[in-house]
Amino acid sequence: MDTSRLTLDHFLSRFQLLRPQMTHKTLNQRQAAVLIPVVRRPQPGLLLTQRAIHLRKHAGQVAFPGGAVDSTDASLIAAALREAQEEVAIPPQAVEVIGVLPPVDSVTGFQVTPVVGIIPPNLPWRASEDEVSAVFEMPLAQALQLGRYHPLDVYRRGNSHRVWLSWYEHYFVWGMTANILRELALQIGVKP
């Protein structure tokens, strides 16, 4: 699919018809979830955050709203929606959940489930200063271009680990966020 013609309807039909394949068995047991907020527009957007610089883990990194499942969450989807409300003030009832992607292991020991949801374009996003330093929207067509992701093999605790890297404007997108976006691009089948 040509990215210049990526409408929300095209994205939805391809997302629903082309189900993701499990690429590997996850090893981590602690559960977390992130929301992949697709902004409902004729040319859809993707809402991303930049984590606050003072955080202990992943400080300053571009990320999806999300976090660990807690005892009040009825499901992984509920956890993603709760975290999105806490981090960027997206009301759970404003999200039209369209599905989930296969879980991904994080280097911090979590099994992270990406939840894909459609959000209205007129939401007054507000970053929680405790967790988020910036909220920005990237065109979905750009996020789903496979050619924008570049591999880097790193070694951590004696093991080789492939990390994906990309840029959008002045934001450096890498690690789990870039990996999730790349997997979504592979599923949707968008060509540069």
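Residue 1 is the first one shown; counting continues down the chain.
Here the Cβ of each residue, glycine as well, is placed from N, Cα and C on the backbone.
Listed ranges 67-89, 90-112; the one Swiss-Prot annotates as motif 'Nudix box' is 67-89. According to DSSP, the domain 'Nudix hydrolase' (29-160) comprises 23 helix, 56 strand, 53 coil. Cβ neighbour count for GLU83 (Mg(2+) binding site): 25 (other Cβ atoms within 10 Å of its Cβ, all protein chains included).
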